[in-house]
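The block underneath contains the structure these notes are about, expressed in structure tokens.
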Amino acid sequence: MSTPSLLILPGDGIGPEVMAEVRKIVDWFGKKRDLAFDVSEDLVGGAAYDAHGAPLSDATMARAQEADAVLLGAVGGPKYDDLDFSVKPERGLLRLRKEMDLFANLRPAQCFDALADFSSLKRDVVAGLDIMIVRELTSGIYFGEPRGIVQEGNERVGVNTQRYTESEIDRVARAAFELARRRGNKVCSMEKANVMESGILWREVVTKVHAESYPDVELSHMYADAGAMQLCRAPKQFDVIVTDNLFGDILSDCAAMLTGSLGMLPSASLGAPMANGRPKALYEPVHGSAPDIAGQGKANPIACILSFAMALRYSFDKGEEADRLERAVEAVLAQGARTPDLMGPEGGAPISTTEMGDAVLDALDASL
Ligand code: NAD
Ligand code: IPM
Ligand code: MN
């Protein structure tokens, strides 16, 4: 097989800082595990706007379509706040997701034992947590038409439309049930069928997919607002949560805090299988460009590092190497390495982004 290609899009703010650590880890797998990647880098978000006047050039879009996997840092920042909506950094990321048809966004939230005391919730509530949020990523209110800001009489109206087709719900539900079979065999579907027609259809289709193809998996339904409450009250009741684009965005930031920090949460955005049987895929941390800490060496690179572990697992069929990387992260945390976001109330001396990357490399060396 030819060397698999990996397109790296560091983006803005802390994106390039955390991605520099991932580059070291990608190189480590090439040198020490004979797992070479054909790595190339390109621009996305504000960085692409500065260079080309657009948050994603057509050339970069084409390269992303060709790559075996794409790894993205983060986009956005205050410098771009006043840009026209059509060229905002976030539009670049949304274009990648939409045109690559990455409909299933896997957002695992795992609480490493060493961090159980750093969550804002009690240790007992989060220790041992291992849940997977499957967020629909290419439809819903993020993309529905009509949309815009329109004049109605003497005032303006902001319009967005929540819209889901049966096939869009069907395919993300299947992704969730498939994952559940390889985990705790439970799916909880979240919508607001009590107030939204799209929620009624969502519940109907998930129920049908379950009955027809996955009766062996335990299925429950919850209104998304109650789901948010349950995520904070007793998150370990969940295994896989499947939900729409907007609820998934919000619930996954909420789940991030169960693990100790938003800087810990990786994600995989997966589409349909390509000719080689692998899914189209983009790997991205759940966090953003963190303008408040950008350029200060304070960013936690673990979310981005764990996103690369997900790439090893879902794009390159290297589950054991993904486990190795995840265990290295766990070991580093157990040894007490902490970026500032992971400092508990008792304080201590935090390490920098680069030092955290180096510590993971040392732990990888120790795993051989
Ligand atoms: P954010 O995720 O960037 O930051 C929220 C808070 O979490 C900040 O206090 C930040 O310092 C902290 N944080 C985030 N990642 C961290 C890390 N790796 N290590 C340590 N601390 C971390 O969210 P925001 O402030 O709401 O958004 C900032 C910009 O990022 C906006 O332009 C937004 O649109 C964009 N954004 C991009 C993505 C993405 O590229 N996938 C995701 C979310 C937000
Ligand atoms: C995320 C982000 C994005 C989203 C933005 C930056 C487009 O918040 O990936 O969670 O809303 O999907
Ligand atoms: Mn988000």
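Any Cβ shown, glycine's included, is placed from N, Cα and C.
Cβ environment of Ala290 (NAD(+) binding site): Gly13, Ile14, Ala74, Ala299 lie under 8 Å away, each six or more residues apart in the same chain. According to TrEMBL, the NAD(+) binding site annotation covers 77-90, 288-300.
Taken from TrEMBL, the feature substrate binding site applies to Arg97, Arg107, Arg135, Asp225. The local packing around Asp225 (substrate binding site), expressed as other Cβ atoms within 10 Å of its Cβ over all shown chains, amounts to 13.
Neighbour density for Asp253 (Mg(2+) binding site): within 10 A of its CB lie 15 other CB atoms from the protein chains shown. DSSP assigns Asp253 (Mg(2+) binding site) to a helix. Residues annotated as Mg(2+) binding site in TrEMBL: Asp225, Asp249, Asp253.
Sequence annotations record features per position, and here TrEMBL assigns domain 'Isopropylmalate dehydrogenase-like' to 5-360.
Cβ contacts within 10 Å of Tyr142 (site 'Important for catalysis'), excluding its own Cβ and spanning all protein chains shown: 18. The annotation site 'Important for catalysis' is assigned in TrEMBL to Tyr142 (among others).
Residues or ranges marked as site 'Important for catalysis' in TrEMBL: Lys192 (among others). Listed in sequence order, the residues of the same chain lying 6 or more apart from Lys192 (site 'Important for catalysis') and placing their CB within less than 8 Å of its CB are Gly199, Tyr223, Ala224, Asp225, Phe247.
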In Å, how long is the longest CA to CA span across Arg97, Arg107, Arg135, Asp225, which the record gives as the substrate binders?
26
Roughly how many angstrom lie between the C-alpha atoms of Asp253 (Mg(2+) binding site) and Arg107 (substrate binding site)?
10
Which recorded positions of Arg97, Arg135, Lys192, Asp225, Asp249 contact ligand 1 in the sense of C-beta under 6 Å?
none
Measure from the Cβ of Arg135 (substrate binding site) and count the other Cβ atoms within 10 Å, all protein chains considered.
27
Might you list, by sequence position, any residue in that chain lying six or more from Asp81 (NAD(+) binding site) with a Cβ less than 8 Å away from its Cβ?
none
DSSP state at Arg107 (substrate binding site), helix/strand/coil:
strand
If you compare CA-to-CA distances from Tyr142 (site 'Important for catalysis') to each of the binding-site residues Pro89, Arg135, Lys298, which comes out shortest?
Arg135
